[in-house]
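Chemist: Found this in TrEMBL, in case it helps:
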MOTIF     2-30  motif 'Q motif'
DOMAIN    2-30  domain 'DEAD-box RNA helicase Q'
DOMAIN    34-205  domain 'Helicase ATP-binding'
DOMAIN    232-377  domain 'Helicase C-terminal'
REGION    437-463  region 'Disordered'
COMPBIAS  438-453  compositional bias 'Basic and acidic residues'
COMPBIAS  529-553  compositional bias 'Basic and acidic residues'
REGION    529-627  region 'Disordered'
Amino acid sequence: MKNFEVLGLSQPLLDGLADMGFENPTEIQQQSIPILLKHDGDFIGLAQTGTGKTAAFGLPLLDLIDVNSREVQALILAPTRELAQQICGQMEQMSKHLGKLNVVPVFGGANIMNQIRDIRRGAQIIVATPGRLMDLMKRREVKLDALKYMVLDEADEMLNMGFKEDIDFILSKSDTGRNIWLFSATMAREIKRIVDTYMVQPEEVRINPKNIVNKNIEHQSIQLKASDKIEALRRFLDYDQDMFGVVFCRTKRDTQNVADQLNNNGYATEALHGDMSQAQRDAAMKRFRNKNLKLLIATDVAARGIDVDDITHVIHFALPDDPEFYTHRSGRTARAGKKGVSIALITRGDNRKLKFIASKLGIEFTQGEVPALEAITQKRIARWSDNMIKQEINEKIGEDLLTAVQESFADVTKEELIAKLLTKEYNSIYKRNSISDLNDRSKGRDRDDSPRRERGKRTSRGTEEGMKTYFINLGLKDDINKGALLGYVCDTTGISGAQIGRIVMDKTHSYMDVAEDVAPQILTLDGKQRNGHDLRVNEHKGVVKEPARERGGRGGRSGGGFKGRRDSNGGGGYKGRSNSGGSSHRGRRSDSDNSGSGNRNSRRRSDSSSGGNDSGGNRGGFKGRKW
Ligand code: AMP
């Protein structure tokens, strides 16, 4: 294999690469760098993300820039803020030994005046998202008289994200003899149009997608019921304490639902999707990068281009339609020579799609397994006993206290004591998980034996048959969302999640359907206080009007309530939750009660993230969890 020396790069860059631990160039780097260093013209690089494109254009660019000039000589356009920041970071690392070089990132959602100040200080290279760059060009803050290179990174993605006009504006206003280096995963029609309109006889390097499928990724598929997917995620997390992964969902609503359900059960996860503000997304990414989260639950668009080290697992909560998306997703793991697993959670109906993806990408899916409860138990008990043996004795515990406790245990033998301690740990594992084997290998009927209550027909008032509707004077303004309300009602009345149906929530109040046989229990809330707020609960016999604007599926239950729950194992999930009882559970619940509906997770995490950098996210709610 070639090393970087033979590609014609200067010594300071080779030193920078050595510091970064880059030993051998990737295929796109091998092929592109010599061309870009010598060829004074346009260039097209067709390669997927994760193939080392940043260094493929970044290294030659750094060698071609005149560090003694303070003028803008290169512009790099990237689809997202995250990617722009990553590119900047990598350029800075690579140019560490190169002398005075200013690489300035500019992107939307951040203070433009600070960016203008950075540019005015003299930026030789600007890394930008298209919208913000266009804005800065219109304000005449970016002068392009000395521009020599214009790099379009992930050009197909920028067009997919609706930056067509911005890119046209930037390219047409910067036509001062600069070279365009365009990188894209595909040569889609719109890309072809850009090439034909703005580029002159470009040199082309194409990395065949079949060759770039990362050999270090193990592709697995697991067939299971849709309603068991959340439980499967919980089991993975329970089994593998080193798990650090990204779960991909198809919609923003699904990401929020999955994150909410896992969070509600005490797992350190967070959603990442386009309905979150930039600040929320940044905060979530920071916590993920710092490994304060075990799983990031993301949409394809939000997670595009994310480069976080050491991701062990990519989980496809639902398969994408487009094989290319599968490549983008699974490319988050096994980066920089490491190994990783990509797990597709499929239902029986997905088998054809899985075969299509496999054949398009030339990969093979092996059959994976959701860890069985016995395996989780064995592993966790082994960890538990290991930790117990290693536990240092706190010298501050007074002699008196120690003697008193020893005396109260006088009649308990060592064997009994171990058995008692073990029982506690064992019970807690079984409370968290359902007993059933989730791996569904049935070829015949669609097995669905989950402990969910069958949903009945609705009455003319919209209430489910066999249920009554109750008014509760708690709404979105009380910093509660549907999931938190459900949890609160379950915890305080003893009604299980499976006995609760539709929840309709408005600003000031909510309606909740409750199974007739346990319905009166909800009235025990009437007259009680929650966070200083006097509760009023009564039966509602009228029609329930849905509020005009639903809050984007952030609640534990989405839209009409039933659908979200069916899809996302709400029934099973809440059953597990209310079973788990105990003080730590309650602690968690009140956590979510106190948080707002819109940005519940982010806010809760940021409140607690100051509590330390324990890799398991060992914040208040997670006390006692070993990871
Ligand atoms: P990219 O496609 O540029 O986002 O790069 C994907 C990942 O591979 C990043 O984490 C880079 O830091 C890493 N990487 C790129 N080139 C190399 C190389 N030649 N050797 C080792 N790691 C690399």
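Glycine too: its Cβ is placed from the backbone N, Cα and C atoms.
Nobody curates TrEMBL annotations by hand; they come from automatic prediction.
What you see is a predicted model, and the numbers here were worked out from it, not measured in a lab.
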Chemist: Just to be sure I understand, if DSSP states are collapsed into helix, strand and coil, how many residues of the domain 'Helicase C-terminal' (232-377) fall in each?
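Modeler: Summed by class, the stretch gives 64 helix, 25 strand, 57 coil.
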Chemist: Which numbers of helix, strand and coil residues does DSSP report for the motif 'Q motif' (2-30)?
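Modeler: Helix/strand/coil tally for the motif 'Q motif' (2-30): 18 helix, 0 strand, 11 coil.
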Chemist: Can you give me the average pLDDT across the domain 'Helicase ATP-binding' (34-205), rounded to a whole number?
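Modeler: The average pLDDT of the model in the domain 'Helicase ATP-binding' (34-205) works out to 92.
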